[in-house]
Each structure stands twice: as C-alpha cells, then as structure tokens.
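Participant: According to Swiss-Prot, the feature Fe cation binding site maps to His119, His123, Asp309. The substrate binding site annotation in Swiss-Prot covers Leu142, Val143, Ser144, Gly145, Gly146, Asp175, Gly188, Asp192, Asn281, and the record cites sequence analysis as its basis.
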Amino acid sequence: MPRVLAIETSCDETAVAVVTADVAWPGFAPRQLSSVVASQIDLHAAYGGVVPEVASRQHVETLPFVLEAALQQAGLEVAEVDAIAVTCAPGLVGSLLVGLMGAKTLALLYDKPLIGVHHLEGHLFSGFLAEPDLRPPCLCLLVSGGHTSLIWMKDYGDYQTVGRTRDDAAGEAFDKVARLLGLGYPGGPQIDRWAQQGDPQRFPLPEGKVEHPYDTSFSGLKTAVLRLVQQLQQQGRELPIADIAASFQACLTHVLTEKAVACAEALGLSTLLLTGGVAANRELRARLREAARQKGLRVVIPPLALCTDNAAMIGAAGLCHWLRGEVSPLELGVASRMPLEGIPSLYMDGGGAHREEQTGSAAL
C-alpha cells in the first residue's frame, strides 16, 4: 500500500500525519496511519488572534517533535514512505515556509518525491478520510477562519468555486462578534457554548443580501451585532450574552445552510460535504443535516479532529496527486493566496509554474 508523510503548518497548528490507501487508483479510500497536531491556540489567545511571527517561530520549535511522534505512531521510518506531502498555499508565508523547508529536507535526504498541496484541497479530502465510500461529484461547504466557499468537486483535482464570501469569512465573523461580547479567542467555540443557553429568536438580525445566489456577506451581520451591543450599553442594560450569541449564530448558520442546499439542488448533486474549522459548530451541523434530510441529500461531516487544520487531510490530497503521477519540483515555493484553480501549477505536469521566483524563495 502506498504511504505518504504529510506536513501542515499553514497557520497556527503544527501537524504531521502518515496516510495510506486501501484501494488502488482510480478508486480512492484513504486512511490515516497516524496524525499528530500541536495547537498554538493558548499561545495566541493572549493577543486575541494569531500573530504570524510567533506562529512561525513556534513551528520551528515544534515540528521536529511532532514529526517524530507521527512516525512513532505509524510505526514507520521516513525511508519507508513513498512521498512527502506539504501544504504550500494559501496561508501565513512564514508558517508555510517552515513546513516546506522541512518537507524539502526530508525529500532530499531520503530521495522521496515532493508533493505540494493546496490547503483548501486538503479540507475537501477530509471527507474521504471520514467516509471511504465518498466519491465525486459533490458540493463542499468549506467554512473556516479565513475562507467561506461553496466548492463543486467535479472529480479528483477538478474543482469550481460556485459561491464565496464577499467580505468576512464565517470564522472571522465568529471571532469578531465574540470579541464584541468579551468572550475571548478563539470566538467560534465560545459563541457555540454560550448560544446553547440563549434564545435564538430574541434579536432579529440581517442575513446580508448579495446579488449572487450562492455568495455570502457577513459584514452587515457583524455591524448589526455591534450596534445592538452599543445600544444596550447606552441604555445601561446588562448584555444578554447568551441571547445575542444564539441570535447571531442562528442567523449565520441559516444563511450557510440555505445557500448550500439550494446550490446542491441547482447543480443536481446528491452529496454535501461540510468541512473547515467552523464545521465544528453544533448549530451548523444540525441545521445542515436537517435541511439535507428534507431534500433527500446525503451529508458528510468529518469528525471534529478532521474539520480543523490537520496533516491527515493534506496527506490524503497528496496521496491522490501521487497516485495520479503528479509531483512537485524542488523549486516549489509558498503563497499567501492561491485560488483552487491554481492547483495545477504546483505540479510538474501542470507546468511547474509555482516556483520560488513567483512566490518567495523556499528552495534549499
């Protein structure tokens, strides 16, 4: 069975995994032999958000230990894997460089193919780790701190973004509202926790209207919460934090659910995949399951450990590319931004355009 060692350092998690597949290509059923994640949440909480310089330095310190733990968990040596996969875009440049340099070092030392992986494609592949019988085509609702997108997965490696946020990503909106309510960082889990005790109908909030049927906009919702908080404070009233959190969460998750289900129906797709850090939200998971059930759609929601950033999803995507004969040049660089349509440039079969001179040097 093929085995890929994967590294993920795009933001504030240092992660390493070993992934294999039970079914030979073109069938694809990946599974993880190991997955180790070292989170920096507590480190960044004091700053109210991720500090790029702090994140990259922490990756440098942590990566060797996480790598060793993942290999021990899998019962393997680096020499026994078939390829090295690594997140190279999008993300924090300094953090990405740490992972890429580590991956290049291993690829050169052990003479292994290097496979650069787009972080968002990794999130798509978390669904295949969760349910091995999942096959494209399907529609993915990807919701995280930096991205909110509806992605039509037509086939392995063939993606079309059919809906996106016009401003704040869902996770960003959660963080900003949590900050307004004094709930701390990260905001998503805090809002989710408080909302369980609140009345979601107490404060009607705007859903945000955009012309495109599947795009979203959360800046208006965030501003409405700000004005509500200011109004209550001016009146000298105690903030009903649970009710505000519940009202905000209900509004945001309703928008995401309605657009995802409508888009899947319009495209004639029978399967919906929910992934990304915000997929851990209990209200969103419940709403999407119920809405999909009413429409006769299948819903795939990975376990929480696969929704947040991890290296297993990067390994699954990397393994898919390796099975397709796609490998990256050692001149591979990193990029803070890259659309899914840029994925072919990561591989030599795609022209190998994603080189150090275009994205910042990461060559050894």
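Count begins at 1; order follows the chain as displayed.
Note that Cβ sites are derived from N, Cα and C of the backbone, with glycine treated the same way.
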Participant: Which has the fewest other CB atoms in a 10 Å radius around its CB: His119, His123, the listed binding-site residues?
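Facilitator: Lowest Cβ count within 10 Å among the binding-site residues (His119, His123) is His119.
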Participant: Reported as an integer number of Å, what is the Cα distance between Leu142 (substrate binding site) and His123 (Fe cation binding site)?
Facilitator: 8
Participant: So of all those binding-site residues, His119, His123, Asp309, which one's Cα sits nearest to Gly188 (substrate binding site)?
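Facilitator: So, of the listed binding-site residues, the one sitting closest to Gly188 (substrate binding site) is Asp309.
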Participant: Can you tell me the CA-to-CA distance separating Gly146 (substrate binding site) and His119 (Fe cation binding site), as a whole number of Å?
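Facilitator: Per the Cα atoms, Gly146 (substrate binding site) and His119 (Fe cation binding site) stand 11 Å apart.
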Participant: Max Cα-Cα distance in Å among Leu142, Val143, Ser144, Gly145, Gly146, Asp175, Gly188, Asp192, Asn281, the residues listed as binding substrate?
Facilitator: 18
Participant: Would you mind ranking the binding-site residues Gly146, Gly188 by how many other Cβ atoms sit within 10 Å of each Cβ and giving me the lowest?
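Facilitator: Each of the binding-site residues Gly146, Gly188 was scored; lowest Cβ tally within 10 Å is Gly146.
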Participant: For Asp309 (Fe cation binding site), just count the other CB atoms lying within 10 A of its CB, please.
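Facilitator: Neighbour count, Cβ to Cβ under the 10 Å cut-off: 26.
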Participant: Take the Cβ of Asn281 (substrate binding site) and count every other Cβ within 10 Å, whichever protein chain it belongs to.
Facilitator: 26
Participant: Tell me the Cα distance separating Ser144 (substrate binding site) from His119 (Fe cation binding site), rounded to the nearest angstrom.
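Facilitator: So the alpha carbons of His119 (Fe cation binding site) and Ser144 (substrate binding site) sit roughly 12 Å from each other.
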Participant: Cα of Ser144 (substrate binding site) to Cα of Asp309 (Fe cation binding site): how many Å, rounded?
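Facilitator: If we compare the Cα positions of Ser144 (substrate binding site) and Asp309 (Fe cation binding site), the gap is 10 Å.
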